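Participant: Sharing the record's features from TrEMBL:
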BINDING   273-277, H337, R381, 432-436, 460-465  ATP binding site
DOMAIN    157-241  domain 'Phosphagen kinase N-terminal'
DOMAIN    270-507  domain 'Phosphagen kinase C-terminal'
SIGNAL    1-17  signal peptide
Amino acid sequence: MKALLFCSSLTLSLCSSLFVLEPNQCSHSSELGAKGGDCDGELRICVGVDYYCEGDVCLQATVEECRQPVAPPHYKRGRGRRAVVSRVRPHRTVMASSTAFFGIQQRHLLKALIGAAAAGGSAYALFPQEAQMKSAKSGGSQKAPAKCVVDPEVVKSIERAFEKLNGPEGAKCNSLLKKHLTKEVIEKLKCRKTKLGATLYDCIRSGVHNLDAGVGVYAPDAESYKVFAELFDKIIEEYHGFNSKQKQPPVDLGEGKSKDFPPLDPKGKYIKSTRIRCGRSLAGYPFNPLLKAEDYEAMEGKVKKALESVSDKELKGVYYPLTGMTKETQKKLIADHFLFKEGDRHLQQANACNFWPQGRGIFHNNNKTFLIWVNEEDHMRIISMQEGSDVGAVLDRLVRGIKAVESKVPFSRDDRLGWLTFCPTNLGSTVRASVHIKLPLVSARKDFKQICDKLNLQVRGIHGEHSESEGGVYDISNKARLGISEYQAVKQMYDGVKKLIEMEKEMEKKK
């Protein structure tokens with residue numbers, strides 16, 4: 001709840017600061033329900049205590065409301081309780097110092113109070129008193145702590161997670177989670193919870209259990225990016241180079257620009273295949289950890305229905321649910337890089353595999369060059385792929401596929417972060433443009449990964465994230481997703497891989 005600060009002993013003028021209102025801490029509870037006084041026969045009810053610190057001195061104000069004893073319920077308050085409030089009387093502040101407070105519990109009531117103050121209202125009393133509240137550790141001021149809404153056992157898990165990351169067990173951990181999950185951040189975030197119930201522990205549990213993670217955090221729902229912004233913003237800035245004041249550029253899929261990307265390796269000496277994918281989250285649903293079994297089924301049904309209406313002949317295909325699919329079929333599709341496997345240990349610990357394989361499936365066209373994964377890591381992964389190095393053709397197919405699906409299924413997008421995804425590394429454009437490529441000379445260099453970093457490229461094995469190279473073939477993609485458009489993400493991969501091929505050719509000449 002919020003309390004609003006009013007300044008000056010002469011006038012009631014609105015100030016910008018907001019402070020926490022502590023309910024159930026009324027210092028004059030004996031007056032609860034008392035009639036008379038400022039309320040003209042109405043109930044005068046204590047609703048909480050507000051605090052404001054100036055230097056090392058804090059003011060405490062008991063907050064009251066005048067209420068009619070009988071009125072139809074107008075709003076819910078706290079844990080499902082109903083209050084019988086028809087109006088709040090105009091009021092005046094009784095000053096005990098140069099600064100005084102009054103709090104209010106609901107936004108529509110607050111508007112009424114502001115209006116009453118502007119009209120020169122009267123008959124409202126506060127009881128501020130000065131109290132020194134010094135912090136023994138810092139010597140500075142502190143507000144009275146807000147009530148923690150997170151289960152005490154979960155809070156303990158968060159604190160133990162911090163100890164693990166910074167203890168002997170986490171000595172070799174170099175994740176962004178460990179770097180940015182400071183004691184200060186823990187104290188700020190450990191008692192926060194999203195409307196759907198996600199806690200800080202839900203965000204960090206995978207990185208705590210997998211100390212070899214590079215990033216180590218996931219967002220259980222869209223709101224987590226705001227509720228736990230003190231952690232996510234720092235990780236996002238380091239990974240993407242995208243600070244909290246920046247904004248994702250407008251959507252530019254690269255429609256009509258496929259000619260900008262002629263084949264990188266026409267003779268097929270280096271590049272085996274090309275793949276461009278993007279992630280999408282369905283509007284109105286949280287991410288994997290908070291999804292229920294019925295959510296998975298409902299989402300699968302919506303996507304399946306949308307795909308059945310696709311009219312583009314090249315894109316038309318069949319949806320195959322994982323439920324009922326034989327193990328042999330699954331293994332073959334996975335080996336051919338068409339189907340996803342059940343989440344690895346990183347996703348398992350992030351609770352991304354609940355109710356597996358319910359609500360999961362794959363759609364692909366007849367040529368298996370256009371695929372959609374349903375409810376793997378993200379709600380949807382839209383994929384265009386083919387043998388060879390024709391990036392332009394792969395992009396053109398992806399653009400047509402995205403536009404066909406988004407006309408039927410609304411996606412979740414944030415004004416600042418762009419398309420929202422479960423993992424913060426995929427935010428923004430969500431585009432991952434990649435090639436399977438063999439560069440025996442360049443990849444043998446000790447600084448191969450550093451070279452790729454400078455080219456804004458990410459290197460991994462051909463079997464997905466956290467896998468190793470096989471037969472000298474690497475999966476190389478654009479590293480950035482956030483702060484650049486979809487078209488720019490593809491161009492980043494294209495330009496970087498082009499440079500690597502040039503380096504390989506130069507080294508071949510020197511052999």
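Glycine is no exception: its Cβ is also placed from the backbone N, Cα and C atoms.
A quick note: this is a predicted structure, and the numbers were derived from the prediction, not measured.
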Participant: Fewest other CB within 10 angstroms, which one of the binding-site residues S273, S434?
Facilitator: S273
Participant: Counting across all protein chains present, how many other Cβ atoms fall within 10 Å of the Cβ of I276 (ATP binding site)?
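Facilitator: Summing over all protein chains shown, I276 (ATP binding site) has 27 other Cβ atoms within 10 Å.
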Participant: Tell me, how many other CB atoms lie within 10 A of the CB of R460 (ATP binding site), whichever protein chain they belong to?
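Facilitator: A 10 Å sphere around the Cβ of R460 (ATP binding site) contains 16 other Cβ atoms.
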Participant: Over all shown protein chains, what is the count of other CB atoms within 10 A of the CB belonging to R381 (ATP binding site)?
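Facilitator: Other Cβ atoms found within 10 Å: 22.
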Participant: Counting each residue once, how many in the domain 'Phosphagen kinase N-terminal' (157-241) are helix, strand and coil under DSSP?
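Facilitator: Going by DSSP assignments, the domain 'Phosphagen kinase N-terminal' (157-241) contains 51 helix, 2 strand, 32 coil.
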